[in-house]
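S.K.: Here it is, the structure, as structure tokens.
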Amino acid sequence: MSQPTIVQPSGLRFAQAKSNDWAKMSGTQKGLHSDWEQYYPHETRPQGRWEGEIGDLVVYGEIPKEIDGTWYRIILDPYMPMDPRNGFVEGDGNICAIRIHDGKASLKMKYVETERYLLERQAGRRLFGVYRNPYTNDPSTRCANDSTGNTNIIYWGGNVLALAERGLPWAMDPDTLETRRYDPYAGQVKTKTFTAHPKVDPKTNELGEAKDECWYEFPESRWIHDIWITENWIILSGMPIFYTGEEALKAGAQHWQFDPDRPQVMIVTPRRPGAPRHPDWKVGEFRQYEWDNGVVIHCGTAWEDEDGLLQFESPWNKWNIFTFWNPPGYKQPTPTGAYVRWTIDPSQPTNTRITKAEYILKSSFNDFPIVDDRFYTSRQTKTYLAAHNALSNEPPRGFPGVNNIVKIDTLKNEFLVWDAGEGGRVSEPAFIPRSDDAPEGDGWVLFASASNQAPRGEMVILDTNDFTKPVAVIQMPFAMRDQLHGNWVLNPNPGTKLPELAKPIKFVQSTGVGPLNRI
């Protein structure tokens with residue numbers, strides 16, 4: 001057999017790469033630049049801007065057959081490069097749904113198709129500027145809704161609702177994740193904004209129709225992100241992060257700014273108008289109670305004790321994690337924090353300092369407390385949260401991301417800790433009851449875990465009674481961007497298989513040409 005002839009085009013020259021050229025540069029960018037380099041600064045960063053589905057995820061171990069439902073997670077995932085002045089709170093919402101049934105797991109990811117998202121897709125460029133500063137947006141968006149639906153996701157009224165407090169929710173199909181409409185409440189909510197953390201009282205289960213409406217005028221505009229509820233009271237966390245004002249926004253400022261000299265406050269008011277729990281309260285009154293400077297972002301359990309005192313728990317961080325809202329020249333202190341049980345006597349006058357704060361767990365940073373919603377508004381003793389180096393006094397190296405999942409049992413004064421390992425990180429956990437009548441906090445904890453050194457992410461399932469090793473690990477095909485919040489939604493018809501998240505295989509037509517079908 002003759003050898004093939006290699007033809008070299010005339011004028012073609014071969015050049016050997018030098019040691020200092022792009023081929024030797026570290027990283028995948030090879031010295032090139034992109035509008036995305038602020039958001040994807042390292043080649044090991046998790047992947048974003050992805051939609052798709054997988055019908056049968058790889059599982060190590062065994063998923064308990066009792067786990068039957070869907071875990072909805074909201075991921076901050078900008079489709080267009082963001083204004084570089086933005087922090088991590090900005091960006092489009094991308095929904096990751098993981099459905100579990102009969103020991104198997106499937107996945108679907110899809111963007112919340114907000115008005116803002118669709119306009120930027122249509123234009124092929126960024127149209128929205130600094131977070132909640134309309135004066136930095138493209139003039140073409142003046143009448144557009146800028147809500148991203150990127151903060152939390154819940155199940156309500158046959159929809160999953162993508163929530164961001166800058167606007168009302170976006171309703172999505174719980175199976176296809178197709179965006180259905182804006183404002184699923186049929187005009188019942190008269191404000192332009194809505195909380196990212198609505199609460200459900202399991203004793204009253206008042207869903208679907210507004211029962212009461214109270215309007216309050218506060219002397220200042222603080223950022224309120226989360227609340228506690230008891231049987232008769234609402235407690236709002238008023239962080240020392242303040243609205244900067246119209247003139248500041250016109251000059252291009254951030255919507256919020258942290259004030260290191262102002263206190264954290266807890267704002268207390270009755271849940272129902274005309275039903276104060278103390279004789280010296282007026283109808284429509286609210287009172288605020290002060291603590292030190294710092295932030296209470298998310299709220300845990302809350303109840304009223306036998307003396308009428310309000311007991312409630314939360315992470316407390318004596319530093320501002322939203323560093324992009326710090327004032328110019330501000331020097332951030334060493335991160336310190338704790339999980340705290342607060343006590344307020346609502347008979348005390350407004351602006352009283354909180355006199356009792358019990359530090360249950362100390363760490364440089366902890367957040368995302370989750371409790372058993374079946375017992376909400378009653379006293380609970382089990383809390384699950386994410387923390388940085390829990391039970392350790394070691395100072396953080398750089399920004400203290402969360403690398404531990406912690407179970408706090410205040411009845412036994414016991415802590416269980418699951419560690420993600422060197423370079424690892426975890427997400428907010430989700431709690432799954434073992435059964436409808438299981439004791440408080442008994443079941444499983446589900447959370448995402450990843451590492452900058454690993455090519456893929458994982459969804460870890462722990463038994464609440466044993467944090468030494470996972471029950472099962474669901475492997476993702478690649479490392480996904482970190483979620484902000486998520487919620488587990490039980491199968492409303494246990495034992496009946498929910499619709500497939502991935503495209504179902506209905507019928508396979510035989511071709512009739514199998515290997516044993518001889519010619």
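Each residue, glycine too, has its Cβ placed from N, Cα and C.
Found this in TrEMBL, in case it helps:
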- His197, His225, His298, His485: Fe cation binding site (BINDING)
S.K.: Name, in the order they occur in the sequence, the residues of the same chain whose CB lies under 8 A from the CB of His225 (Fe cation binding site) and which sit 6 or more residues away.
M.R.: Glu165, Ala196, His197, Ser237, Met239, Ile297, His298
S.K.: Cβ-Cβ under 8 Å from His485 (Fe cation binding site), same chain, 6 or more residues apart: which ones?
M.R.: Arg73, Ile74, Thr151, Asn152, Ile153, Ala196, Phe368, Glu428
S.K.: Rank the binding-site residues His197, His298 by how many other Cβ atoms lie within 10 Å of each Cβ and give me the one with the fewest.
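M.R.: Candidates: the binding-site residues His197, His298. Fewest Cβ atoms within 10 Å: His197.
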S.K.: Which chain neighbours of the Fe cation site, leaving out His197, His225, His298, His485, have a Cβ atom within 8 Å of the mean position of the site's Cβ atoms?
M.R.: Thr151, Asn152, Ala196, Asp226, Ile297, Cys299
S.K.: Under a three-state reduction of DSSP output, how is His225 (Fe cation binding site) classified: helix, strand, or coil?
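M.R.: In the DSSP reduction, His225 (Fe cation binding site) maps to strand.
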